[in-house]
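According to TrEMBL:
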type	residues	note
BINDING	ASN472, GLY474	Mg(2+) binding site
DOMAIN	5-110	domain 'Thiamine pyrophosphate enzyme N-terminal TPP-binding'
DOMAIN	203-317	domain 'Thiamine pyrophosphate enzyme central'
DOMAIN	406-479	domain 'Thiamine pyrophosphate enzyme TPP-binding'
Amino acid sequence: MTQIKVGDYLFKRLHELGIRAVFGVPGDYELALLDLITDNDLEWKGNPNELVAAYAADGYARVKGAAACVTTFGPGETSAYCGMAGHFCEFVPVVHIVGYPTIQAIRKKAIMHHSLGNGKFDMYVEMVKQIMADTTVIDYPPLAASEIDRVLNTMMYEQRPVYIGLSIDIALEMISDAPLGCPISRTLPPNDPEVEKSVVSKIRNGLERADNPIIVIDGGAARHDVLSEAHEFVKLTRIPFFTTPMGKGSVNEDLPQYGGVHFGAGTHPGVKNAMESSDFVLIIGNFPSDFNTGEFTCVFNKNIIEFVDFQRFSVSIGEIKYPVSMKFVLQGLNKDLQRSKLMKAAQKVTWNPYPTLEFSPSEHLKQDFLWPTLGSFFRPGDYIIGETGTSAFGLCDSRLPAGAVMHNQTIFGSIGYATGAIVGVAQAVKESGGKWKRPILVTGEGSMHLTIQVLQDLLRFDLKPIIFVLNNGGYTVERLIHGKEALYNDVAVIDYGLLGSTFGPGVPSKYYGPIRTNGQLEELLKDKDFGNAGCSELVELILKPLDAPKALVRVGVAVDKFNKGNVTGAA
């Protein structure tokens, strides 16, 4: 029986999950633990603050399937909680490792720095339980391995973040490495075969009865790893399929059945009519949040035969919820369809999923020109992040080639997220061995200001992102919702051309801009050297203060109306 340090055991488990880089900020309660990272074939990727570390871990986990960040007890961990909340609600598996004071200090209830000065040490873990799938604070070495394994199994099972508190002296204690022989589970248990068979039969019968069935692939399909099953389902049924803002970037838009992005009031008329005239709707990974539905303005046909809601641990047909995993139900449906095709011919996609607009090259750059044009720049192997607000909605109008991926933080919507997350995405791209090619960030200036210091990580770690910054002259997207002339919607003006030399003096980087006209953007995107510079590239796009995609303008009206309605109702 071989002995191993508790910290080494933890890091070997992370390596087993495919993690190769650990994010975080050093602090005295974790320094000895950080010494063990490189001993376990992991890289330390320290960040300027804990919020950025949490965002970076989010981006990394979305590419690699899991991530880790390490912070110190107290101010370190609480600074990361905003990012952790995003992990929780968007189903991103990240383990947050927190370095605690020594066991002796805790037991003596000593007044330690980073505490609240009252001799208590459990207040922070109690706070974080609302945004964690599981937590543990390890204070007894013989239980360390079982506790680490328990929370990591929960993380992979629920696809949500977990918390491991570890006193620095406990991290160096010796334990048996025998449990490492039993790997962390990454798969769900199989469904009850009879229940699954019944669900598959009911869905198949519904498809046969429907005249105009459709499939919607939502954000949960990507987060719960059923994209391959969903795409196979589309191909076998030949049914038109749509996505949502949260699902955009996860589907193969080159398939002939692709119908476009649906988000309620913001949807283009052709896509909206095609989707809302359906009589049988199957939504895979449904996540009907406000931003994902155009502030709840999605309207389906009242004469729908059935509404099927596929979720990680359940599938609902109408009002009846069945305790089966959607992954295995989709696999069962695909096997059934391989044995016998649907009797009815599927509706053809006759509408254009993308907007078609004409603009003059000499015109001032406009958002309705920007997004369809930007789609021509994307390539297979690109991994794109769109920031909450204009970017996330605008990218719905960009055509993505097969083999490109995009995501945004639709549910939690923490501005500044995307700029932090691109660090983790770019690190994962670098580790991919060529599977992924280019990390691309599209963000507004207001959001970027919150986490702009991550540029130092992008440069010093040689991560080579391509960054598009939408500069509205100090105006934020919130003006489209409320307060068009209000001073509280102003942000500072920054010289983006100096950011490379400011955050990475001596490190190669390129700046393009300011891009002010439609023609300048077209010229840049056609430049063969752009996007292939071998270093970080930043493009500054100058837009008029209140310019926004028409879809976002319509959604903004719906948001303002909804918010005012809530206030009135509460009065």
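Quick reminder: no glycine exception, Cβ is built from N, Cα and C everywhere.
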Test of understanding: give the count of other CB atoms lying within 10 angstroms of the CB of ASN472 (Mg(2+) binding site). 22
Can you break down the domain 'Thiamine pyrophosphate enzyme TPP-binding' (406-479) into helix, strand and coil residue counts using DSSP? 33 helix, 16 strand, 25 coil
Taking DSSP H, G, I as helix and E, B as strand, the domain 'Thiamine pyrophosphate enzyme N-terminal TPP-binding' (5-110) contains 53 helix, 22 strand, 31 coil
